[in-house]
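> My questions all concern the structure below.
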Amino acid sequence: MKREHNHRESSAGEGGSSSMTTVIKEEAAGVDELLVVLGYKVRSSDMADVAHKLEQLEMVLGDGISNLSDETVHYNPSDLSGWVESMLSDLDPTRIQEKPDSEYDLRAIPGSAVYPRDEHVTRRSKRTRIESELSSTRSVVVLDSQETGVRLVHALLACAEAVQQNNLKLADALVKHVGLLASSQAGAMRKVATYFAEGLARRIYRIYPRDDVALSSFSDTLQIHFYESCPYLKFAHFTANQAILEVFATAEKVHVIDLGLNHGLQWPALIQALALRPNGPPDFRLTGIGYSLTDIQEVGWKLGQLASTIGVNFEFKSIALNNLSDLKPEMLDIRPGLESVAVNSVFELHRLLAHPGSIDKFLSTIKSIRPDIMTVVEQEANHNGTVFLDRFTESLHYYSSLFDSLEGPPSQDRVMSELFLGRQILNLVACEGEDRVERHETLNQWRNRFGLGGFKPVSIGSNAYKQASMLLALYAGADGYNVEENEGCLLLGWQTRPLIATSAWRINRVE
């Protein structure tokens, strides 16, 4: 702790006289003479208030002073009341100083203890609120992370509501308050709040995040880290592959159309499974769709090397598109009657919802090629409503669960995974119109869309459910994950909240 004392040292010749004069002057001014001798200026009338603040400070420092910043500067400690107040403010960032020019009293944001408390906070929270014997309205020190956490959530929601009402002045004040409250939190809550606060700030100040083709390779790289750090993508690939393998069980030629190839992480496992088929491996054709033709071709070459090594005949076709709605049937080179066709989409279809009519056009294209199965993995969330505050609230709960599931020992994969999810949050909160591409919908909403598009559901099956559950049991932190079967679809969730859903579809031939 750094303290800067603004005392001026008097010369030796006048030191004694000066000290006595000071005591007399201070006593005449009603300042307590005993504290003056110790170098502190405290009026007798302020003694009760100072005693109250000192009691608060003693409580705060009860567990040590390790939480004080090394860069803290306390000015003029001879002003005991002001010095203690500054100490309390530094220790507790939730204490908001009232400014004469401030139009909004942000201290009114409510809160109550609902978040899990750690052992350190439990010890301190017993002495969190101290009531003065002289007044029941004295300020209190709120250091309990539970209380601050609830205040943080209320501040985020209040800011989102101000944005919805286009009250940008209030929103500006609230988003700054959110940053202050978030700084006192730790773990997943702090990270989630920081991303949502940044999204709100970008929306308020109109500094929108980019989501263009130039950044697609970076997003693909982040997705690799997300794949490594948690089971969500592994679950998506495994369950989709199981559904595809059931359809390909006896086919001699098979064709997979991947709507978002990225780094091709899904297909080595499928190629190996086809190689082990009792009746021998089929000829395997893969059509990979993505943004960069060069990147797609490189992934195809690597998969071809793997297939050759394990004895699977492999053919690859690359297609570069900026939007899946631009896909045409003739691009896919379908060979009717000669091959079994599967279409695969992992976290791709929701992006089509940013462009009116695109999803209907796309489903019409897929229907025209008559695949034997279409596997779809999407976020289990409703982030595509018309009311901003509703979307914000739903996404805050959704990503809080996701970030909570990522908590663990620090690693590069975890940090990059958080950035991967953070970019989604920024797009969801800050952007509108065609720029807002993170438009997640629930499984029931996708059921309605596919039903109207001429598709019917295919049950993924209990075998995939059992194997997915076994896969999760081997994963670190598996106790928090759960697999749920819902009308032939499989959902993976954290604690009690479903987070992603895998479904399978085929053409409804009776329409």
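Cβ from N, Cα, C; glycine included.
Values in this document were obtained by computation on a predicted structure and should not be read as measured data.
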> Looking at 34-66, 298-330, which stretch does Swiss-Prot describe as region 'Leucine repeat II (LRII)'?
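The range carrying the region 'Leucine repeat II (LRII)' annotation in Swiss-Prot is 298-330.
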> Given the ranges 194-198, 229-233, 254-258, 464-468, which one is assigned the annotation motif 'VHIID' in Swiss-Prot?
254-258
> Write down the single range among 73-77, 288-292, 423-427 that appears in Swiss-Prot as motif 'VHYNP motif'.
73-77
> Select from 274-278, 349-353, 429-433 the stretch of residues annotated by Swiss-Prot as motif 'LXXLL motif'.
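Here Swiss-Prot associates motif 'LXXLL motif' with the stretch 349-353.
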> Taking 157-161, 472-476 as the choices, which stretch does Swiss-Prot tie to motif 'LxCxE motif'?
157-161
> Using DSSP, tally how many residues of the region 'SAW' (430-506) sit in helix, strand and coil.
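Residue counts in helix, strand and coil order: 29 helix, 26 strand, 22 coil.
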> What else in the chain is close to the region 'Leucine repeat II (LRII)' (298-330), if you only count residues 6 or more beyond its ends and a Cβ gap under 8 Å?
213, 259, 261-264, 267-268, 271-272, 274-275, 281, 283-292, 348-349, 351-352, 355, 357-359, 361-362, 365, 368-369
